[in-house]
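Working notes, structure below.
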Amino acid sequence: MSDQLIDQKTWGERYDATLMNTFGHPKRVLVRGRGADVWDADGNHYTDLLAGLAVHALGHAHPAVIEAISEQAGTLGHISNFFASPPQIMLGERLVALATLDAPGTAARVFFTNSGTEANEAAFKLTRLTGRRRIVAMEGSFHGRTMGALAITHNEHYRAPFEPLPGEIVWVPYGDIEALSRAVDETVAAVVLEPIQGENGVVEPDADFLPAARRITAEHGALLWVDEVQTGLCRCGAWFAHQRSGITPDIITVAKGLANGYPIGACLALGEAADLFGPGQHGTTFGGNPIACAAGCAVLRVMEDEGLAQRSTELGAHLADAVTALDDPRVDTVRGQGLLRGIVLNRPIAAGVADAALDAGWIINAPRPQVLRIAPPLIIAAGQLDDFVRALPGLLDAAQGRA
Ligand SMILES: *Cc1c(COP(=O)(O)O)cnc(C)c1O
């Protein structure tokens with residue numbers, strides 16, 4: 001039978017029979033996308049307000065990315081890390097330039113991976129080479145699912161079945177400068193934090209937290225490691241969200257938005273940290289492969305040419321203002337920066353609202369029981385956001401009706 005003729009229910013049954021049950025039953029089986037629009041196997045249309053979890057910043061099937069991937073695949077698709085390729089070197093140079101925008105002349109180097117958790121894994125190993133072992137991590141954090149990244153991820157439900165994890169992790173409340181300054185001493189290798197905690201429900205610390213973290217780590221010779229896997233690359237209205245605080249970290253990890261859905265991640269190290277890894281101390285077969293890097297180069301070029309950091313700032317403010325203007329008593333506040341937004345509800349009905357939204361043709365998610373996350377492609381039209389905001393009161397009604 002042609003794949004086109006198989007309905008969603010049948011695909012769902014085949015999924016359940018075959019795929020490991022790590023994600024539950026799929027909400028939909030999607031077959032096609034363009035820009036911020038996507039279609040399921042039954043032909044239903046959705047407006048994508050989540051971008052594959054803050055990934056395809058340029059939307060589905062962006063011509064510049066298609067061209068870059070196709071051309072590279074037809075030229076040189078994979079080598080090995082015995083060799084280098086021009087796209088890898090060019091993407092590395094571009095990331096170094098972006099990471100040192102506010103600190104020109106600072107040394108910086110990149111290690112390419114295939115995912116966010118691997119970027120953090122590389123960073124974790126890098127911190128061990130300082131000769132110190134202790135890591136200070138934040139309550140509410142999410143850094144990925146491999147053993148090292150899991151060790152610094154706070155959610156007990158994710159961690160507990162897999163313990164023991166790599167040790168010497170000290171937890172401090174996110175945003176608590178006092179607690180951070182008590183936790184950091186000469187035994188600490190690194191402090192790891194997200195500029196905004198996306199998985200925790202788009203939680204922002206006060207504006208003085210990142211500068212304080214920079215000061216405290218510098219005082220004790222500890223590295224400041226900023227996980228920008230979700231917040232980086234224009235998502236929050238700047239190339240990197242931490243740049244809004246005017247700080248320069250020692251380690252930056254990125255992934256999600258870097259190649260518009262083609263798997264890639266990167267661990268950037270700045271200053272002295274740039275030279276911690278030596279030959280043989282880390283590696284990867286696929287990381288930095290020419291196709292992923294060509295896709296990354298195309299993404300960064302479009303972001304620059306189309307001013308997507310600025311667009312993210314403007315559309316994010318537009319969305320927040322529009323939701324606030326609804327003046328709906330069930331909406332507490334809208335938080336986040338750029339186009340990484342959390343709509344905070346005054347009751348724990350977010351999962352029901354996300355389900356009602358999907359039924360009505362909008363893809364959003366509920367990272368916390370009271371929080372809806374909106375992280376659309378950065379190229380989305382303002383009108384598409386407006387349509388969603390107009391529908392939101394009805395979706396809240398529907399969720400209350402279901403509860
Ligand atoms: C998604 C995410 C990760 C993990 O990335 P994967 O590509 O899923 O491994 C790590 N850190 C943050 C902040 C994330 O949002």
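Every residue, even glycine, has its Cβ placed from backbone N, Cα and C.
Automatic, uncurated: that is what TrEMBL annotation is.
According to TrEMBL:
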- Gly116, Thr117, Phe142, Asp227, Glu228, Val229, Gln230, Thr285: pyridoxal 5'-phosphate binding site (BINDING)
- Arg145, Thr284: N(2)-acetyl-L-ornithine binding site (BINDING)
- Lys256: N6-(pyridoxal phosphate)lysine (MOD_RES)
Asp227 (pyridoxal 5'-phosphate binding site) - helix vs strand vs coil (DSSP): strand
Other C-beta atoms that fall within 10 angstroms of the C-beta of Lys256 (N6-(pyridoxal phosphate)lysine): 27
Asp227 (pyridoxal 5'-phosphate binding site) CB neighbourhood, other CB atoms within 10 A: 32
Filtered binding-site residues, from Gly116, Asp227, Glu228, Thr284, whose Cβ is under 6 Å from an atom of ligand 1: Gly116, Asp227
Cα-Cα distance linking Arg145 (N(2)-acetyl-L-ornithine binding site) and Thr285 (pyridoxal 5'-phosphate binding site), given in Å to the nearest integer: 19
Cα distance (Å, whole number) from Thr117 (pyridoxal 5'-phosphate binding site) to Thr284 (N(2)-acetyl-L-ornithine binding site): 13
Thr117, Asp227, Glu228, Val229, Gln230 screened against Arg145 (N(2)-acetyl-L-ornithine binding site), Cα within 10 Å - retained binding-site residues: Thr117
For pyridoxal 5'-phosphate, whose listed binding residues are Gly116, Thr117, Phe142, Asp227, Glu228, Val229, Gln230, Thr285, the greatest C-alpha pairwise distance in Å: 25
Cβ neighbours of Phe142 (pyridoxal 5'-phosphate binding site) where a neighbour is any other Cβ within 10 Å: 24
